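As recorded in TrEMBL, the features of this protein are as follows:
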- 219-290: domain 'Glycosyltransferase 2-like' (DOMAIN)
- 136-164: region 'Disordered' (REGION)
- 524-544: region 'Disordered' (REGION)
- 444-485: repeat 'WD' (REPEAT)
- 561-599: repeat 'WD' (REPEAT)
- 23-48: transmembrane segment (TRANSMEM)
Amino acid sequence: MSEYMSQACVACVQLLSTVPPSVFLLSMAAGVIGFVALVYIILFAVAFRPRAPFPEEKTYRTLSEDGTPTRPQQLPCWQESWERDRQNTNKRAVLDIEKPELFMSVVVPAYNEEERLVGMLEETADYLQHAYGTLADQASNEQGKGKNDSVRQRKTGNGHVADEAPSKGWEILLVSDGSTDRTEEVAFEFARDHQLSLHPRAHTGPWSPDKHEGVHIPPGSIRIVTLTQNRGKGGAVTHGMRHVRGKYVVFADADGASKFSDLGKLVTAAQKVEDSEGRAVAVGSRAHMVGSEAVVKRSKLRNFLMHSFHLILWLLTPPATAKVKDTQCGFKLFSRASLPYIIPYMHSEGWIFDVEMLMLAEFAKIPVAEVPVGWREVKGSKLNVVWDNVPKVVPLTCHGHSRPVPHISFSSIVEEDQYYLISACKDNNPMLRDGVTGDWIGTFLGHKGAVWQARLSADANIAATAAADFSAKVWDTHTGECLHTLQHNHIVRAVAFPIQTNPQVLATGGMEKKLRIFDLTRSSSSASANDGSSPPISNNDDNLNSNAAAVTSYEIGPGVHGGTIKSIIWNTDYNILTTAAEDRKIRWWDLRSRHPVVEYSVEGTIGSCELNVLATRPNEAGILSVAAGKSVYLFDGAMPGKLLKKVDFRYEVASVAVNNETGRFVTGGAGEDTWARVYDLHTDEELGSSHLLLLFYRVFLGDVADEK
């Protein structure tokens, strides 16, 4: 075998020797270009789309003049007004953004930085106040010049006359990225000390160990923005940069590792390279320029990672970005005019977001300058080069199924913080999992056809499944034993247990167009469902074997359903059942009269129908959510037929789920629309969307997704 391989290798070498060098090099170049193009296409196809900010994340708090925290106030957002103007004009045009209100904005992303933040704020506020002062200082300077004083206008490196106003004023936007410690409290305490006192006590920072007196800052200089969910450093920076008011914007790490007094170098460099539109980016660099202190003051590990990462970027990024020696320095300055070309198009929210910013700047032909800055490694870094770039949209991934998963459902909390989930699958094998961890518990074996729906009883001791083998099965979740096989005359699509009681009865429905109620406490020798409208109930209390059949108590509303029953919901009121059928009708049934009490027609094919009750609140009425056509219908869970609201969309909706506690609902697109979208339950505003959400929400909501 080895001799054969060696002969083959020799033959290949001889064949290559006959190829002209120019053709060989051309082929190699084409291969490399093709590979790079393929990588870009794949990355574009799976690109993560960040969620939109939640309404509460568009507000800030600061300190009033008396030192008390203000109530949340609306953040100014240049991007929203810019996008609104853009939609009213040519969408391809890049319009000017709102004029700056002050000279310098500093965005500080912070996640659990209570121990390191105060030193960074001390050095930042000290430099900003001494270098840029306040807008009041600018006004007094202009008055002092008088009317006859000539004011020279600064020209950029390209001869562009730059607007000098404003030349004073600063702000710090501290973006707390889902912090769980005292980060925000520490920021408020710092602002209070430096705002109320004319001679505040200084705090030791990485670059100011011997400073004894701090600087007095004006009220409202530090604004604190709270992200309710951790987004990552890139997400926090991007969010903050949407709401800046400065002529220049810099982001700096909360640990104070970068020498903030080097900000003046960044401003000077940016002003030198600004183009005719005032666009420029200045990048702090630690690794390659004369004057950089980074190489000798950083650990060997971080230097190794930096150089290795740069090698990869040199191979994969466009030319200008590849020339940047240190893309990951957390100290970068942007002119305000450059923001519309970068911020609206950001996708990455992990530590690699800097590279995307530089690539967007290159694509927009924005000048980029590199500037040597001081750097000191500060203990306590939270960087995780792997996990920080895994999108946090998918909190749990469950492997095991080999075919599409049409339905999953959760139990109520049965023990302290413990609940379960069950998944139906077209591979015939429904699975039970731990709802907290997603760990596999067991697979229910016995169906000979695709399982369309699976549900757990209120106490999670019993499971029921509906399948294409013309049967519904009832299972013991502790042993996996099949307790009942309920034979039908057609495909069973839906099953339902009562929500608040023990699993003594079960409702089924499907392509028979019949709604049946089974009594699980009594058995019969017949394995087929009795089609009588109200058959007698047997008194046989013998133990049931694995293939025993439960007696059909009765069939509700024979001949009423005009299509396949796709979903059955047992309301919190034990006497009320809800069915959703392919005849585009939602029906509420009273078990006492066995007739529908309300019937509601929807506009479109019904994709899903679920009663959304929190596991922590099993006694609440909940919201009945229905996805049909291009609309979502939300009904009061306690009052049959009471429509709370109807929300229309531009796309076909396959599924919907509601979380009333967080005030949000999620939709899954139908057909080729593989997006899952998150909306505000009260305003219907879209908060975020992603293909990646498909792995979680479409498994939970849709009828075509794979569980992976």
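Cβ coordinates are placed from backbone N, Cα and C, and glycine is handled just like the others.
Remember, TrEMBL labels are computer predictions, not curated facts.
Secondary structure of the repeat 'WD' (561-599) per DSSP (helix as H, G, I; strand as E, B; remaining residues coil): 0 helix, 23 strand, 16 coil.
According to DSSP, the repeat 'WD' (444-485) comprises 0 helix, 22 strand, 20 coil. Beyond the ends of the repeat 'WD' (561-599), by six or more residues, the same chain brings 453, 491, 493-501, 507-511, 513-515, 517, 554, 605-606, 608-611, 613, 619-622, 624, 626, 628, 633, 635, 637-638, 640-641 to within a C-beta distance below 8 angstroms of the stretch.
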